[in-house]
């Protein structure tokens with residue numbers, strides 16, 4: 001009996017000693033400003049190792065304990081870790097400077113390492129099955145974490161939590177973005193949480209997407225571009241579809257204010273923070289009572305009381321009684337306001353070119369401004385834009401010379417479904433300018449099929465709409481970042497599908513799209 005216990009103890013020690021140990025990818029300092037490099041012209045060897053326990057989460061072997069070792073340059077003080085180097089800039093601010101290229105092991109936090117193959121699985125679950133971050137963590141813990149033969153049975157491994165998956169998704173997305181842009185990711189060392197550390201880089205990436213649209217903005221294929229022969233000449237016809245989808249997030253309670261909220265529970269942005277002390281009832285500017293959202297007017301106080309008791313049987317019966325007595329109920333906004341919708345521009349093949357957030361309404365001016373941002377040059381405009389409210393948009397643009405001139409080479413057509421179901425036959429203007437049958441190239445009489453899939457945006461909306469429950473509570477930076485990332489990944493998947501189906505996807509040279 002004592003022999004078997006001794007044998008187990010030996011095996012246990014061997015297992016611990018055999019655990020993988022991860023080192024930085026360099027053994028010399030790579031800091032160009034290192035004093036040793038400046039004086040001698042050669043890099044200094046790294047020393048002062050520090051070893052810490054960590055957990056490696058993998059796809060093939062589950063989760064098991066490992067060690068990470070960091071090394072330090074004694075000349076400049078830079079410390080090198082598995083994925084990044086921690087060093088000071090000229091202003092003595094400390095940064096995490098990530099190495100170029102994509103790592104095979106991602107160190108999302110000090111004690112959490114992830115196999116890149118597992119990261120790709122998590123991203124695929126998010127994009128293709130709309131799995132929430134909580135669900136992804138639970139699936140891994142239940143199905144994959146305990147499959148490792150490298151971990152002793154009595155050694156506890158930290159289970160994954162939702163916040164681990166969120167941070168991992170954001171970090172891997174940033175690493176991929178900087179790898180594609182041939183730059184290095186810089187994150188501030190001084191941060192209370194990983195969320196706070198990643199936020200500036202995420203916001204910078206959001207601005208990049210806003211300025212440049214999605215990477216597939218230059219996309220073309222046999223489905224979204226058609227060739228025609230007429231009078232001995234070849235003609236090309238391209239199309240895009242725009243529509244709104246009711247994916248929303250919390251925003252400032254002031255109508256149409258785009259400024260971000262400082263916290264998840266805030267009602268107003270910092271610019272409108274003083275509105276917290278103003279009565280929530282519309283057109284009332286009196287100060288609120290202490291701890292309340294309405295003033296001391298009895299009717300306004302009653303509105304707030306009814307709001308907080310909504311769902312109780314007494315409140316329900318009382319409201320119905322007041323409705324039968326033609327009671328005039330004042331308008332008030334007590335809860336947090338949400339954005340109105342996300343506006344998409346989609347090619348008939350399903351590729352998403354751009355996304356924009358509409359705050360107050362899907363207004364004609366908002367749609368027009370959005371389309372100009374997406375297609376800033378007339379050469380970049382498609383020949384046809386499908387939109388369910390194009391008849392009103394056409395009227396709006398016709399009255400504004402600048403817009404009319406910009407879109408004069410583009411047909412604004414109502415998509416077939418909405419034209420049949422939502423537009424009146426008596427609307428002569430719509431039938432004249434926005435009827436797809438008014439454009440012979442949009443319908444093939446021989447095959448009795450439409451040239452383009454004008455419902456592509458509706459179908460894409462159905463995909464994006466499944467993220468409503470995931471993004472509804474996100475703050476603006478995370479919300480924008482997440483949507484842009486899943487759209488980018490979906491676009492890449494669709495391009496590969498188009499290639500497999502011989503639809504010849506390709507990118508249009510930028511010079512061909514600029515006026």
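For all residues, glycine too, the Cβ spot is worked out from N, Cα and C.
Marked as domain 'CxC5 like cysteine cluster associated with KDZ' by TrEMBL: 19-143. Here the domain 'CxC5 like cysteine cluster associated with KDZ' (19-143) has, by DSSP, the following mix of helix, strand and coil residues: 31 helix, 46 strand, 48 coil.
Broken down with DSSP, the domain 'CxC6 like cysteine cluster associated with KDZ' (241-305) shows 16 helix, 10 strand, 39 coil. What TrEMBL lists as domain 'CxC6 like cysteine cluster associated with KDZ' is 241-305.
Marked as signal peptide by TrEMBL: 1-21.
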Local confidence of the prediction over the domain 'CxC5 like cysteine cluster associated with KDZ' (19-143), expressed as mean pLDDT: 94
